[in-house]
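Here's the structure, in structure tokens; my notes come after.
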Amino acid sequence: MPELPEVEVVRAGLAEHVAGRTIAAVEVLHPRAVRRHEPGPADFAARLGGMRIDSVRRRGKYLWLEFATGVDDTDDAAHAAHAAHAALLAHLGMSGQMLVQPASAPDEKHLRVRLRFADDGTELRFVDQRTFGGFALSELLEVEGEALPRTIAHIARDPMDPAFSATHAARALRSKRTELKRALLDQTLVSGVGNIYADEALWRSKLHWARPTEKLTAAQADAVLAAATEVMAEALIAGGTSFDPLYVNVNGQSGYFDRALNAYGRVGEPCRRCGAPIRRDEFMNRSSFSCPRCQPTPRRRR
DNA sequence: GTGGCAGAACGAG
DNA sequence: CTCGTTATGCCAC
């Protein structure tokens with residue numbers, strides 16, 4: 001469920017189901033799922049044992065678990081003190097799911113990592129068909145007064161962040177010399193926006209994906225960011241966007257924002273604003289959906 | 001059958 | 001900065 005609203009649905013589900021629980025054992029069923037953890041799967045599993053989950057955080061499309069600083073008395077003190085400064089960073093990639101399941105439930109076909117808890121209740125499973133996602137332990141750093149895993153220190157604040165500055169983000173967009181949609185997808189300018197919500201934000205603000213960022217007016221940059229913020233907030237209320245069982249929350253339930261999409265995936269269908277058939281363009285080896293009338297192709301693309 | 005396409009991000013050139 | 005790669009499955013042709 002990979003864009004901000006879907007990841008936030010997962011974060012909230014994790015906060016509800018795993019916060020406060022102590023990890024008892026970690027099983028890595030596919031090493032690729034922890035490839036970003038340099039010391040390897042065995043180290044990954046060993047370091048998580050005994051850790052008590054304090055909170056579940058998110059920036060953009062990344063999630064992480066922070067751990068209580070208390071040392072579990074069953075653990076080696078030095079190891080626990082070291083591990084307390086690390087977070088369990090997760091990215092869902094294209095097809096990752098976090099599922100909270102009874103231990104008795106049969107393993108999913110693409111089960112990659114299992115976290116068992118000391119309370120013997122439900123377990124947390126990372127299921128990922130394409131294994132573009134995965135976990136890593138990442139040291140927490142202080143960045144602008146907030147603890148952030150080192151690995152994602154380059155990721156910009158997302159529009160749901162209380163400290164997000166639309167002015168700052170608009171300036172960042174306009175300072176690039178690229179196409180508008182590329183800039184929207186650049187997680188170092190504004191995070192959380194992916195292919196669906198970029199197309200929806202562009203449709204709402206009536207801007208074409210190939211508009212050169214350096215020629216945007218401040219009002220246009222503000223408008224597209226406001227549209228992105230708005231559409232993601234609406235999607236979050238709907239539980240995220242899902243067309244198929246791949247995108248589900250920790251209970252396996254789908255969101256229903258797909259019904260509210262105006263551009264994404266609607267090639268050939270009438271624009272809900274003007275009736276013109278939605279077009280599909282190839283863009284960065286993926287698709288871009290837009291209204292040919294509401295979002296005219298700019299004279300000068302980049 | 002098979003080619004095209006899928007919500008992402010990293011790293012090579 | 002842009003492109004290709006990573007990996008698996010599904011759907012339309």
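Heads up, the Cβ atoms here are built off N, Cα and C, so glycines get one too.
A quick note: this is a predicted structure, and the numbers were derived from the prediction, not measured.
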Candidates A:ARG130, A:ARG150, A:ARG157, the one TrEMBL lists with A:HIS110, A:LYS176 as binding DNA: A:ARG130
Under 8 Å by Cβ from A:ARG130 (DNA binding site), counting only residues of that chain that are 6 or more apart: A:GLY93, A:MET94, A:SER95
Residue among recorded positions A:HIS110, A:LYS176, A:ARG286 with Cα closest to the Cα of A:GLU3 (active site, proton donor): A:ARG286
Arithmetic mean of per-residue pLDDT over the domain 'Formamidopyrimidine-DNA glycosylase catalytic' (A:2-133): 92
A:LYS61 (active site, proton donor) and A:HIS110 (DNA binding site), distance between Cα atoms, whole Å: 21
In the chain carrying A:LYS176 (DNA binding site), residues 6 or more apart in sequence that have Cβ under 8 angstroms from it: A:ALA183, A:ASP186, A:LEU189, A:THR213, A:GLU214
Same-chain residues at least 6 apart in sequence whose Cβ lies under 8 Å from A:ARG286 (active site, proton donor): A:ASN195
A:LYS61, A:HIS110 as recorded positions, winner by CB count within 10 A: A:LYS61
